[in-house]
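Summarising the annotation, Swiss-Prot assigns transmembrane segment to 2-22, 25-45, 56-76, 96-116, 122-142, 149-169, 178-197, 202-219, 241-261, 278-298, 326-346 and lists sequence analysis as the type of evidence.
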Amino acid sequence: MSPYVLTIMSFSLLLGTTMTLISNHWLTAWMGLEINTLAIIPLMTKPHHPRSMESAIKYFMIQATASMIILFSAIFNASTTNQWMTGQISNTSASFMMTIALAMKLGLAPFHFWVPEVTQGIPLLSGMLLLTWQKIAPISIFYQISPSLNMSLLMILSITSTLLGGWGGLNQTQLRKILAYSSIAHMGWMAIIIMIYPSLTILNLILYLASTITMFMVLNQSSSTKINSLSILWNKSAPNMIIITLTLLSLGGLPPLTGFMPKWLILQELINFNNIPLAMMLALSTLLNLFFYMRIIYSSTLTMFPSINNTKMQWTLYSHKTISPIPTLTIISSLLLPMTPVFITLS
């Protein structure tokens with residue numbers, strides 16, 4: 001892809017997300033979502049391959065359908081309340097349709113079937129954008145309309161997402177599909193708390209973005225797309241393998257890593273609101289995700305292929321120095337649990 005085209009598409013992604021974040025009118029928020037969708041499609045089809053073209057078409061159809069429902073629900077709400085402000089949805093039907101449309105955009109179950117298939121068919125860096133950057137704009141709309149959402153509908157979407165996100169990843173061997181199902185489960189955690197404690201959803205999103213970006217960047221650096229390809233990664237790059245292990249455990253929510261913080265705070269808020277059965281179901285569903293994270297770690301560290309290298313380390317000489325964000329992202333995604341009181345105070 002031409003550097004000029006790449007620059008234009010990257011700027012369009014930034015513009016679309018920014019428009020949605022700062023807009024207080026439904027039309028400009030919808031325009032931002034559309035710019036986001038149209039900007040990422042050329043990046044998804046950068047290797048001109050039938051699989052990537054198929055994934056881009058699937059993504060476009062789902063996003064176009066969701067955008068159509070968003071626009072229709074905004075017009076329907078305006079026709080009954082004479083309000084175009086994003087934070088004001090007083091019509092029950094419009095709120096229901098808006099929730100369904102945003103669930104489609106985020107990949108919440110039962111509208112999640114496109115997420116693993118699209119992620120598997122595109123390159124790793126495009127998959128990283130799909131599972132991270134493209135979540136920001138829809139969640140910002142969720143945040144703005146959180147007082148008008150239907151709690152029962154959100155509970156159904158959240159529980160279904162956390163359960164199916166865990167079950168779907170159990171029999172996967174492709175790392176991109178595993179991260180896609182992980183994204184579905186994490187979106188369920190964010191959706192369940194959006195009405196009760198919206199600021200906690202933003203905290204969860206930031207930590208999820210840091211962990212997922214770290215995983216994708218390390219996998220892209222090591223050219224790993226399957227679980228069995230990680231078996232030889234320890235001999236090629238031990239630091240990358242350590243980063244993958246820490247990040248996966250953090251995504252699974254194990255203490256004392258950063259990923260434990262949002263799950264702990266969400267369960268605490270649910271218990272405070274007497275939603276103990278819901279908190280138990282979410283906690284149990286986390287075990288499904290933790291199982292396939294541990295399966296990756298087991299396959300990559302405890303079942304390594306015999307090393308034919310006689311030295312303790314394979315030395316790799318680089319002709320130029322590069323500044324990588326991976327160390328910083330690793331610290332954010334793994335070592336921020338002691339900062340929990342600070343985040344509670346700020347939120």
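Each Cβ is built from the backbone N, Cα and C atoms, and glycine gets one as well.
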Handout entry: Annotated stretches the transmembrane segment (149-169) and the transmembrane segment (2-22) touching (3 or more Cβ pairs under 8 Å)
Key = no
Handout entry: Remote residues contacting the transmembrane segment (122-142) - C-beta distance under 8 A, at least 6 residues beyond either end
Key = 13, 16-17, 20-21, 29, 32-33, 36, 40, 43-44, 46-47, 52, 55-56, 59, 86, 98, 102, 105-106, 115, 149, 176, 179-180, 183, 187, 190-191, 194, 201-202, 205, 208-209, 212-213, 216-217, 219-220, 225
Completion exercise
Counting only residues at least 6 beyond its ends, the same-chain positions whose CB falls under 8 A of a CB in the transmembrane segment (96-116) are 33, 58-59, 62-63, 65-67, 69-70, 72-74, 76-77, 89, 131, 135, 138-139, 141-142, 145, 149-150, 153-154, 157-158, 160-161, 163-165, 168, 172, 176-177, 180-181, 183-184, 187-188, 191
Completion exercise
Ranked by Cβ pairs within a distance under 8 Å of the transmembrane segment (178-197), the first of 241-261, 278-298, 326-346 is 278-298
Exercise for the section: Sort out the residues at least 6 away from either end of the transmembrane segment (202-219), same chain, that have Cβ-Cβ distances under 8 Å to it, and list them. Expected result: 124-125, 127-128, 131-132, 135-136, 139, 143, 175, 179, 182-183, 186, 189-190, 193, 225, 240, 243-244, 247-248, 250-251, 258-259, 261-262, 265-266, 324-326, 329-330, 332-333, 336, 343, 347
